[in-house]
Amino acid sequence: MLLEGIFDPSVSVAESDLFGDVSKLYPEERTAIATAVKSRQQEFTAGRTCARRAMGHLGLPDMAIPVGSDRAPIWPAGIAGSISHSTTRCVAAIGRHSDGIKALGLDLEEATPLDDTYAQEICTPRERQWLNRQQWGTRGRLVKAIFSAKECTYKCQYGLTRTMFGFEAIRIELNLADGHFAAYFEIDVPPFRTGDRLVGRIRLRDGYVVAGMIIR
């Protein structure tokens, strides 16, 4: 299972392929993707299906997950969640505020290495300095892992701050040997201040990079 070990047991997870039955969406969900291309409809449907399956594992009722004006999911009251997908797979994570979970972040990427030129866009100067000390043949994979960790962190903090920012706002320190990463804010994003640290888990398995984070 792709998500094994990404979260502690208080978080419920589910995964699937990208095939889903649009007719089983709630009316407000179908409306949100009515004009979308078929591939986007499949991604959306798989994501909502995975999220509801994860909610069911926690004993939560089946309910709609509408789309907000910022295009992010509107989670039911008392619930934190995150959805991600690659070109072939979809994953979702759900937690309850009553279990002390304020926000969740989840990212899934194919583990294909990124060309080194992407490091200029994705990585901060300190991250690039770290990359320059790594074995050349591993750099593309490490850039992809940094990208996934930043996407995961962005989703997690957004659940609290509703603030958008670019790659330069977060600096990642990877420890792939033990499957963890640290994310440091390079700017103030209230309630977070420059230098504040969040931690997450990351795995490279079965041809994918998976990153997860909890804010309590």
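Cβ from N, Cα, C; glycine included.
As annotated by TrEMBL, domain '4'-phosphopantetheinyl transferase N-terminal' applies to 28-94.
DSSP assigns Ser84 (CoA binding site) to a strand segment in the three-state reduction. Sequence annotations record features per position, and here TrEMBL assigns CoA binding site to Arg40, Arg48, Ser84, His85, Asp107, Glu151, Lys155.
If you look up TrEMBL, you'll see 104-177 marked as domain '4'-phosphopantetheinyl transferase'.
Cβ environment of Asp107 (CoA binding site): Ser84, Ser148, Ala149, Glu151, Cys152, Lys155, Val209, Val210, Ala211, Gly212 lie under 8 Å away, each six or more residues apart in the same chain. According to TrEMBL, the feature Mg(2+) binding site maps to Asp107, Glu109.
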Residue among the binding-site residues Arg40, Arg48, His85, Lys155 whose Cβ has the most other Cβ atoms within 10 Å: Arg48
Per DSSP, three-state class assigned to Lys155 (CoA binding site): helix
- prompt: What's the CA to CA span in angstrom from Arg48 (CoA binding site) over to Glu109 (Mg(2+) binding site)?
  reply: 18
- line: Sequence-ordered list of residues in the chain of Glu109 (Mg(2+) binding site) that lie 6 or more positions away and have a Cβ within less than 8 Å of its Cβ, or none, is Ser86, Lys144, Phe147, Ser148, Glu151, Tyr208, Val209, Val210
